[in-house]
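Novice: Below are the structure tokens for one structure; questions will follow.
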Amino acid sequence: MEKKTLYFICTGNSCRSQMAEGWGKHILGDTWNVYSAGIETHGVNPKAIEAMREVGIDISHHTSDLIDQDILNNSDLVVTLCSDADNNCPILPPNVKKEHWGFDDPAGKAWSEFQRVRDEIGHAIEQFKLR
């Protein structure tokens with residue numbers, strides 16, 4: 001069976017979408033191709049890398065990328081992770097489903113916020129797998 005494509009989008013492709021891509025590949029990698037991107041690029045946040053390393057997932061090789069129209073238009077599901085991305089997501093073809101899963105932005109906040117948001121994203125992806 002061909003894998004489906006899941007595209008996580010947030011503002012800067014720095015924290016939330018990077019962690020979601022890491023979790024997604026870890027949890028859904030056998031059935032989904034998982035990517036992430038941003039409306040802008042802010043670089044991968046080192047604390048996001050460290051937070052994911054803490055749960056055994058390596059995202060240190062990830063890059064901060066702008067939305068790729070080819071991936072976007074060929075996705076089965078696009079998930080926005082912040083209201084900015086939800087409001088500014090490009091128009092999608094009718095075959096692409098879109099969902100919004102809002103998470104707080106941990107950037108510039110305490111380490112515990114990175115851990116909390118990381119765990120919330122992981123839980124959401126675990127729940128998604130059960131659908």
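Positions of Cβ are set from backbone N, Cα and C atoms, glycine also.
Checked Swiss-Prot, it gives:
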type: ACT_SITE; residues: Cys10; note: active site, nucleophile
type: DISULFID; residues: Cys10-Cys82; note: disulfide bond
type: ACT_SITE; residues: Cys82; note: active site, nucleophile
type: DISULFID; residues: Cys82-Cys89; note: disulfide bond
type: ACT_SITE; residues: Cys89; note: active site, nucleophile
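Give me the lay of the land around each of these features.
Specialist: Following the DSSP three-state reduction, the secondary structure of Cys10 (active site, nucleophile) is strand.
DSSP classifies Cys82 (disulfide bond) as coil under the three-state reduction.
In the three-state DSSP reading, Cys89 (disulfide bond) counts as coil. Long-range Cβ proximity for Cys89 (disulfide bond), meaning a same-chain Cβ under 8 A and a gap of 6 or more residues, is found for Ile9, Val78, Thr80, Lys98.
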Novice: Would you mind reading off the Cα separation of Cys82 (disulfide bond) from Cys10 (active site, nucleophile), to the nearest angstrom?
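Specialist: For Cys82 (disulfide bond) versus Cys10 (active site, nucleophile), the Cα atoms are 6 Å apart.
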Novice: Which has the fewest other CB atoms in a 10 Å radius around its CB: Cys10, Cys82, the listed recorded positions?
Specialist: Cys82
